[in-house]
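In TrEMBL this protein carries:
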type     : residues                      : note
ACT_SITE : 244                           : active site, proton donor
BINDING  : 53, 54, 55, 90, 203, 254, 255 : substrate binding site
SITE     : 164                           : site 'Transition state stabilizer'
Ligand SMILES: CSC[C@H]1O[C@H](OP(=O)(O)O)[C@H](O)[C@@H]1O
């Protein structure tokens, strides 16, 4: 997507094919900085520290991390250790395991001296496939936005609420939940986005707001607790969020607070859709609440906040009393019964085993 007058992706291989570049998302929205990753340890740190984040981008970064490992030593034991290092970075997004399993399956079949070139090629294919899937999700979601628009007075804006950041910054390009928004905006449909700030890391306030601004999509940052009020007052026509892991039955693990938005949407009769590319579907799980591992992050993300001073300096300040404990579950699970539908790259499905089997019969 666009950064200033440049078209960009969130991750791209260096010309010499021995490194990969990323956007450092911990610096946004106040500074745009890129980083050059040259080792699998760099890739693991980038995921763990959330320099890169978002389920699809985590998967693509892990794929390139394995390519960096192969470039240093393509032997099987090195690749296995590299995969274990990357897998341990964050537990909830299934795209991480999906990408590592894909890469290892391809590389293990090859003689050692053929692995480096194939690893770079396969990582690039995974990145390109993400872009294509997200564009397709955008097209299917565009049809949804057009249907909502038809139900409104001519010329009225379609108001969409989203949680966290499931835009192009969470993927290699296009995004998942925001891909339909970009497609609608490019098609001239008047859309406006309510972006939940998404405490504690504020991905909505810092990343979703930034990328929508770069694309000149009208948007309003709101505190997390305002979404229900806006839905009650008829200000939200549609909710679209992302997913880090969706079960084969349609239960959805996504950023903490998603479940609460789904409850409000159900109570207010607002359609609640999840943009779910197939690499984020965990076909081995049936009960998301019981089976999806929820990442617990450090309490400092809750007890402090980082922002820009009047002098333009990035500073971190403490929010809570030093003696107060803090809990920081990074995701929650929205049961399928609260999900209106899943927007996949193959079309829109009911949040159910039957709905997903219809679109992915090879997985049934
Ligand atoms: C398109 S998946 C984006 C997904 O990832 C985010 O989590 P995090 O920022 O911690 O990686 C959030 O759950 C988004 O919906």
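A Cβ is built for glycine as well, from the same backbone N, Cα and C atoms used for every other residue.
Shown here: features listed in TrEMBL, placed on the structure.
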| residue | record | DSSP class |
| --- | --- | --- |
| 53 | substrate binding site | coil |
| 90 | substrate binding site | coil |
| 164 | site 'Transition state stabilizer' | coil |
| 203 | substrate binding site | helix |
| 244 | active site, proton donor | coil |
| 254 | substrate binding site | strand |
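The Cβ of residue 244 (active site, proton donor) lies under 8 Å from the Cβ of 55, 92, 93, 94, 95, 253, 254, 255, 280, 331, each of these being in the same chain and 6 or more residues away along the sequence.
Across the residues the record lists as binding substrate (53, 54, 55, 90, 203, 254, 255), the two Cα atoms farthest apart are 17 Å from each other. For the pair formed by residue 203 (substrate binding site) and residue 164 (site 'Transition state stabilizer'), distance between Cα atoms is given as 5 Å, rounded to the nearest Å. Other than the site residues 53, 54, 55, 90, 203, 254, 255, same-chain residues with C-beta atoms no more than 8 angstroms from the centre of those residues' C-beta atoms, the substrate site, are 58, 92, 93, 164, 165, 166, 170, 242, 244, 330, 331.
Cβ packing within 10 Å was compared across the binding-site residues 90, 255, and the lowest neighbour count falls to 90. All protein chains shown were included, and the count of other CB atoms within 10 Å of the CB of residue 203 (substrate binding site) stands at 27.
Counting only the Cα atoms, the space from residue 164 (site 'Transition state stabilizer') to residue 54 (substrate binding site) is about 10 angstrom. All protein chains shown were included, and the count of other CB atoms within 10 Å of the CB of residue 53 (substrate binding site) stands at 25.
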